[in-house]
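Visitor: Pasting the feature list from TrEMBL:
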DOMAIN    1-51  domain 'Ciliary BBSome complex subunit 2 N-terminal'
DOMAIN    90-197  domain 'Ciliary BBSome complex subunit 2 middle region'
DOMAIN    320-406  domain 'BBS2 GAE'
DOMAIN    478-563  domain 'BBS2 hairpin'
DOMAIN    568-594  domain 'BBS2 C-terminal helix bundle'
Amino acid sequence: TCLAAGPLRASLRRDCLVVGTSTHLLAYDVHLNSDLFYREVSDGANAIVLGKLGDLPSPLAIIGGNCALQGFDYEGNDLFWTVTGDNVRSLALCDFDGDGKTELLVGSEDFDIRVFKEDVIVAEMSETETVTALSPMYGSRFGYALSNGTVGVYDRTSRYWRIKSKNHAMSIHAFDLNSDGVCELITGWSNGKVDARSDRTGEVIFKDNFASSIAGVVEGDYRMDGSTQLICCSVDGEVRGYLPGGEEMKGNLMDTCAEQDLIRELSQKKQNLLLELRNYEENAKAELSPQLKEADGQRGVIPANTQLQTSLSVNLGSDSQSAHVELCISTTNDTIIRAVLIFAEGIFEGESHVIHPGLQNLSGCVRVPLTPPKDVPVDLHIKAFVGYRNSTQFYVFELTRQLPRFSMYALSSPDSATEPLSFVSCATNERPQRIIMWLNQSFLLPEDAEFQSAPFQVCFTSLRNAGQLLIKIKPGGEVDEHHSVNQRLTADMADHSNLIRVMLVQAEDARLLGDMKNMKTRYVELYDLNRDLINQYKIRCNNHTELLSNLKAVNQAIQRAGRLRVGKPKAQVIAACRDAIRSNNFNTLFRIMRSGIASS
């Protein structure tokens with residue numbers, strides 16, 4: 001099921017061959033024609049990579065199987081084991097975080113690329129299909145390939161570029177083909193094409209074609225002359241080697257035929273742009289006339305104030321259609337939408353979708369059902385053809401709309417929901433208002449939620465399996481919050497008191513000078529300020545009442561913790577709790593209540 005060669009024993013200055021099957025793993029010394037070890041692996045071996053991982057002392061043969069990762073040294077000892085989210089399809093070793101130690105890149109069937117620092121996940125990137133190949137390039141940069149024909153390059157968690165082909169990427173490899181000191185991503189395709197792409201832009205700098213599908217792409221000193229070649233092999237057994245380009249080529253590896261193809265492509269683009277320019281000129285002439293005529297509509301002229309509007313909503317479905325997210329695209333006047341093209345990762349097969357209503361169904365509104373398979377934010381790139389019913393030329397509107405991460409959850413009533421038995425409780429340093437802002441951004445809500453009182457709860461129903469999701473928000477650190485509010489109100493009241501003192505003096509001066517208008521103005525301002533001061537005092541009183549209530553609850557908890565002890569330990573617990581509160585160390589406070597001592 002998989003095959004790899006690489007260093008497995010530090011004392012041996014040669015590579016070992018490791019063969020994986022669905023049940024066993026074989027390490028073989030080709031030079032001595034002998035087995036290094038033969039081990040049974042219950043989870044199977046779908047992918048193999050050889051090399052050093054993190055701080056582990058010796059090189060390992062790391063295999064990925066059924067949701068598990070195992071690492072064996074040259075004697076067959078199992079030195080590394082951990083689990084991952086799904087069946088492993090690809091592995092690679094890469095210095096992901098730049099600390100000088102290699103991390104393990106794992107591509108699996110759940111569309112995720114995970115990065116392991118030994119047995120700890122340090123990063124995770126979601127893709128749109130099964131990750132079939134991974135290849136380290138240099139530093140923290142690595143290439144990847146998906147089962148739907150996508151290849152691309154990541155630098156840590158940032159994707160530099162990606163391209164998609166109708167063919168499948170059979171093998172990828174990093175190799176400096178143009179001798180610029182930076183590796184290119186070499187891809188072997190199912191149609192026999194081999195291309196080299198820039199790691200920065202994805203631009204093709206070299207390509208070649210085989211008569212059959214590519215089986216693998218590797219590098220090595222094939223001619224034993226001290227120089228490394230790029231070696232490509234097809235499924236028919238054809239092998240070709242490529243030397244890196246010399247300095248005289250200046251990085252230009254494309255042959256004359258490829259340059260002619262590029263000139264032909266640019267000429268075609270020029271013709272399309274000239275045609276588009278002529279259409280714009282005709283439309284500009286037509287707009288000079290006071291009214292739009294029938295012929296103008298045929299040429300694609302539409303009112304200048306025409307806009308394309310989009311909205312996203314949750315549709316609970318019907319007997320004939322399952323629940324989905326509905327994208328509504330509409331115009332602002334009597335124009336019609338002739339066709340809509342939507343490009344999105346992971347939602348449509350082929351990552352694109354075309355809506356082309358029949359002539360009898362044309363209107364100014366088009367509704368598109370969306371069912372994202374995973375909870376990830378997706379950018380919808382929309383192109384719409386807008387014109388009149390008899391138009392032969394259409395105006396193209398382009399816009400981008402983001403689908404929220406949790407769009408496949410519909411808001412439901414908390415009263416009707418049965419509270420799930422399983423739950424996760426966590427503390428966060430964010431204010432409740434920030435959590436509400438996150439809810440509004442991550443879910444499709446009919447109207448923005450607002451935090452009115454604690455505790456706040458909201459319920460959602462999954463459109464995929466009708467499962468319930470209940471989110472409860474309760475503010476923590478209420479004592480600290482009340483203290484800060486009290487201090488802020490005290491400062492505000494002091495400022496207002498100073499203003500009142502100043503206004504009284506100004507009003508009295510105006511009275512003595514006989515300036516009744518100015519005096520009246522000052523007394524009106526003084527009345528308003530005094531009213532605000534009274535309102536703030538009421539708020540301060542309410543805040544103080546809540547603060548006393550919370551402090552009472554804390555003191556009662558300390559008292560109950562003390563009652564669990566007798567004699568001297570009781571006094572020690574109460575004193576230690578007071579010290580913890582004084583130092584604002586609540587973790588220590590909880591530890592004292594549980595164990596009676598401050599140290600862990």
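Glycine too: its Cβ is placed from the backbone N, Cα and C atoms.
Where the annotation comes from TrEMBL, it is an automatic prediction and has not been curated.
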Visitor: Average the per-residue pLDDT over the domain 'Ciliary BBSome complex subunit 2 N-terminal' (1-51) and send me the rounded value.
Guide: 88
Visitor: Helix, strand, coil residue numbers for the domain 'Ciliary BBSome complex subunit 2 N-terminal' (1-51) per DSSP?
Guide: 0 helix, 28 strand, 23 coil
Visitor: Going by DSSP, how much of the domain 'BBS2 C-terminal helix bundle' (568-594) is helix, how much is strand and how much is coil, in residues?
Guide: 24 helix, 0 strand, 3 coil
